[in-house]
Amino acid sequence: MTIAIFASGTGSNAVKIIEYFKEKPQYQFIVLSNKKDAPVLEKAQNLGIKTWTFGKQDFYENNKVLAILKEQKVDFVVLAGFLWLVPEHIVKYFPNKIINLHPALLPKHGGKGMFGHKVHEAVIQAKEKESGITIHYVNERYDEGSIIFQAQCQVNEGDTPESLANKIHALEHEHLPRVLEKLLLEMHNK
Ligand code: GRF
């Protein structure tokens, strides 16, 4: 089974996933990024993973990204710190086979432009007592697909976007690989 991870940034979640599945050779990974200089690319390459970069046209217009996914026989897609809206032709090609990781408790604090520290700032400003992570299916709208899994953490008085980001990352690293494995097993057994 081949899983494509889309990431635009540091890729700590991508690395956690790849490491988690290292001893399970039935799962192969590839990494795609819209940013040529994203640290995730080098990290993945160092782990022996094939990587691709692509531009807006490749994603939205000329179907190049979908062509890569088809050519690599990708079965499942994980968005881990990937910020672009997935186009309809890709969503349709992978029905309930694309998941996204969001660093807050959806349906609150999601939507276009809500990523990274912006999310944590919004959570702190709203004086939320808790935040957390959401893993959800991807549809054609930002952060609106059905929710698969959530885990919570406390937001304390002194929390800053940075301190909250650290707590959220810890939750992501703990849960995302396991939730992914469960979904892959369910898919396999269908
Ligand atoms: C994660 O917090 C994820 O929820 C958000 O972007 C961050 C990516 O972190 N969408 P990393 O690149 O995996 O370290």
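Keep in mind that glycine also has a Cβ here, set from the backbone N, Cα and C atoms.
Here TrEMBL flags H102 as active site, proton donor. Here TrEMBL flags G11, S12, N13 as N(1)-(5-phospho-beta-D-ribosyl)glycinamide binding site. Summarising the annotation, TrEMBL assigns (6R)-10-formyltetrahydrofolate binding site to N100. Taken from TrEMBL, the feature domain 'Formyl transferase N-terminal' applies to 1-180. The annotation site 'Raises pKa of active site His' is assigned in TrEMBL to D143.
On the structure: features taken from TrEMBL.
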residue : record                                                  : Cβ contacts under 8 Å, 6 or more apart
G11     : N(1)-(5-phospho-beta-D-ribosyl)glycinamide binding site : V31, A38, P39, V40, L41, K43, A44, A80, G81
S12     : N(1)-(5-phospho-beta-D-ribosyl)glycinamide binding site : H169, E172, H173
N13     : N(1)-(5-phospho-beta-D-ribosyl)glycinamide binding site : A7, A80, G81, L101, E172, H173, L176
N100    : (6R)-10-formyltetrahydrofolate binding site             : L79, F82, I135, H136, Y137, V138, D143, G145
H102    : active site, proton donor                               : G110, V119, I133, T134, I135, H136, D143
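The recorded positions near ligand 1, defined by a Cβ under 6 Å from one of its atoms, are N13, chosen from N13, N100, D143.
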